[in-house]
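Taken straight from TrEMBL:
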type	residues	note
BINDING	Arg65, Ser66, Gly67, Asn78, Thr82, Val83, Asp84	substrate binding site
COMPBIAS	136-150	compositional bias 'Gly residues'
DOMAIN	15-145	domain 'dUTPase-like'
REGION	131-150	region 'Disordered'
Amino acid sequence: MPPVDVLIQRLDPELPLPSYAHPGDAGADIVTAEDVELAPGERALVGTGIAIALPDGYAAFVHPRSGLAARFGLTVVNAPGTVDAGYRGEIKVILLNTDAKETVRLSRGDRIAQLVIQKVEKAVFHEAGRLPGSARGAGGHGSTGGFTGS
Ligand SMILES: O=c1ccn([C@H]2C[C@H](O)[C@@H](COP(=O)(O)OP(=O)(O)OP(=O)(O)O)O2)c(=O)[nH]1
Ligand SMILES: [Mg+2]
């Protein structure tokens, strides 16, 4: 599939554009525009220094980076954050330090999250008094079991 063209504005000329670490990657890494210090359990809304204009029918999703999650417990509170095609403001990341003990320190320019660009469908919602049956029915939230914890 050919890549989709996305207009991007650098709000901070010194910071890099999003970049794919490898050709086959789904996520393009984005950086923090500021130094950030997060105490255990603390969250922060962090600027990335970029704004984009996605074509209609696309959205960008802000995902955590697994390395930061595994090493420091750093995640994105609203993962994946949704950047609408019509949004022209700075892309921001809502970081959360989930670690119980250690403070997370990030420097301006550090890669903190990744943007996944996807096509999205628009739905037309048709109200119905009854829904068609299905094999799952209303079962959810653990209805198939498989838990070993107590
Ligand atoms: O992780 C995120 C999530 C959202 N946004 C921006 C782009 C998005 O288009 C806009 C609104 O996001 P969302 O709809 O998730 O937030 P909301 O709380 O519903 O705000 P609004 O009332 O502005 O829609 O905020 C980000 O920069 N980063
Ligand atoms: Mg919204």
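Just so it is clear, glycine is given a Cβ too, placed from its N, Cα and C backbone atoms.
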The domain 'dUTPase-like' (15-145): DSSP-derived helix, strand, coil residue counts: 7 helix, 49 strand, 75 coil
Listed binding-site residues with Cβ under 6 Å from ligand 1, out of Ser66, Gly67, Thr82, Asp84: Thr82, Asp84
CB contacts for Gly67 (substrate binding site) [other CB atoms within 10 A, all chains]: 10
Those residues of the chain, 6+ apart, with a Cβ under 8 Å from that of Asp84 (substrate binding site): Leu54, Ala59
List of residues, in chain order, with Cβ under 8 A from that of Asn78 (substrate binding site) and at least 6 apart: Val62, Ile94
Other CB atoms, at most 10 A from the CB of Thr82 (substrate binding site): 11
Maximum Cα-Cα separation in Å among residues Arg65, Ser66, Gly67, Asn78, Thr82, Val83, Asp84, which the record lists as binding substrate: 26
